[in-house]
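Inspection log for the structure reproduced underneath, given as structure tokens.
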């Protein structure tokens, strides 16, 4: 094990490991989890610094994106995404033969030095590796996606662990799938992540494959010996070796796989359907890869330097592995009994997370709690979260938080209504206090428009497109007259709203008085109010927006283009919504690490 300073990576990417842990702990208090706005206060320009530093590197060496992507994979697979691969030592990870060909480590150090000039002792080397890999994908023509930040750097590194955790060149589907599944990856995610071979160059391996392709490899590696004559010969991994696309899958379907696992992927019954799907649909591959990349990048060290971080995709793998199944089964009869419930759970997540983070504070039954706020009018069925939590407690007492139950219920609400299945990290803790005053301050008012929405979501690093997508949750549910009458019987800026005269008349018929006679009256949010789809965007583009924000979205120059794109392309809406949902559900989480968070046994009250 190594804790010494590396002679190659001086002065920071080894020595900074202890410094960053101390500094970030002080700045961020107890929140050791990853978040999309982790450096918002301490180093907001970090992604720009990394991106600008990489441009001349990518331009001078077209193979360097592959180097960064492979460095990221080999770092994360060993003991989490912790920059342990950068530690130089005789017994460190780089001593493993499985790290043969790893390069670009000194470039990570160079970028760290640039960041240190502006944000000393703040940004970890592990985050720089992850950001460099993300930029490598985008620069090479692949998808651009956001990743949560806040990883810490390891203080130890072991070549024995690298030998155990990294796949060998001769590893087939069985062995490689086992390695990835142990990290919480599904088969589809495993197949998507293997594309990191796509535009790499690699050496000296021969497999069963198309006869013509085998002859080409023999010409490249022309020796009768078991080992090649040198390590310099390389073979491009696919026909577009410098471009991030789905050519890798087209090649292996045709028998042009370079490694054993490549050749097996296309015929193994567990993986073949995904290979075929990705070969035929590049957009679907980009979607799956983006989600899998974020999932892999979330395998990080905790502040203490051991175990999985506060939020991770396999947080309950050892303590309650069946939690998602329990919640899914518990929700099924609830959804069947009341088809409007999915909208309720989605709104509950939003109203919980926007106040003081995703901490289940909205569930606390106290006189001055969040539910005392007028902004929470219409929020209901809190007791259903308590009922689901009770079922979880029977199998895993004192383990799963109410905050995680809310997040999983909202996720299930989306997929049960026909929306995308979203992978979300878990490990949130529950708050021990709640404030109606904070709810009044943080939650949107019924007459808020685009300006307010962008202001609310930008602090969690949601861009404009993601903000529009998350508002697409209005595709489910209903609205009450109390939230609409100000538009019908008060003054409004007609230039900022798109409201069809026919739809306005329809609203007046349903809400005939300035002061609603009852709170029971409701109007469906869109024409397919029980389905999670892009009908909401079609409706608001046609002037059928129920709330102020709905009518403004389609005409505001900042958001109108995204409304039209989502109205035309349901799959694109699903993709962007999924990313925005993950960002929202990881907003301001408690981790129980000195921040007062706990796992409530009963969701409506704190533990005693």
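Note that Cβ sites are derived from N, Cα and C of the backbone, with glycine treated the same way.
In the record from TrEMBL, residues 528, 533 bind Ca(2+) 2; the candidate from 475, 482, 559 listed for the same site is 475. Distance from the CA of residue 353 (disulfide bond) to the CA of residue 361 (Ca(2+) 1 binding site) is 9 Å.
Across the structure, residue 359 (Ca(2+) 1 binding site) and residue 402 (disulfide bond) are spaced 8 Å apart at their Cα atoms. The residues near the Ca(2+) 1 site, meaning same-chain residues not in 352, 355, 357, 359, 361, 370 whose C-beta sits within 8 angstroms of the mean position of the site's C-beta atoms, are 351, 353, 354, 356, 358, 360, 362, 431, 434, in sequence order. Averaged over the domain 'Plant heme peroxidase family profile' (310-607), the predicted model reaches a pLDDT of 88. Sequence-distant contacts of residue 351 (active site, proton acceptor), defined by Cβ-Cβ distance under 8 angstroms and a gap of at least six in the same chain, are 362, 370, 375, 376, 379, 439, 443. According to its DSSP assignment, residue 359 (Ca(2+) 1 binding site) is coil. Using a 10 Å Cα-Cα cut-off around residue 352 (Ca(2+) 1 binding site), the recorded positions 358, 402, 444, 474, 533, 603 reduce to 358.
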